Amino acid sequence: MRIYNCSYCGRPIPPGYGIMYVRVDGVVLRFCSRRCFVSMVKMGKNPQKQAWVRKIRRAKSAAQSKSSSK
């Protein structure tokens, strides 16, 4: 089983969860929640400008740096 990352916030998506959206040009976007899906597809928001996305990405990078330093 493969674990994908959310195209909007970067969270891991466990198998059997999330939304897979295929654009007309063939690009596959995977979302962990409806919140991410609506923010990107329906409202066209930029994830870099969303405070909650920045918070998730910072926590993810901090966890990765701790695990790589061991």
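Cβ coordinates are placed from backbone N, Cα and C, and glycine is handled just like the others.
Features as listed in Swiss-Prot:
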type	residues	note
ZN_FING	6-36	zinc finger
BINDING	CYS6, CYS9, CYS32, CYS36	Zn(2+) binding site
Largest tally of Cβ atoms lying within 10 Å of a Cβ, found at which of the binding-site residues CYS6, CYS9, CYS36: CYS36
Whole-number mean of pLDDT values that fall within the zinc finger (6-36): 92
Nonlocal residues around CYS32 (Zn(2+) binding site), in sequence order (Cβ under 8 Å, 6 or more apart): CYS6, TYR8, CYS9, ARG11, PRO12, ILE13, TYR17, GLY18
Listed in sequence order, residues not in CYS6, CYS9, CYS32, CYS36 with Cβ within 8 Å of the centre of the Zn(2+) site Cβ atoms: ASN5, SER7, TYR8, GLY10, ARG11, ILE13, GLY18, PHE31, SER33, ARG35
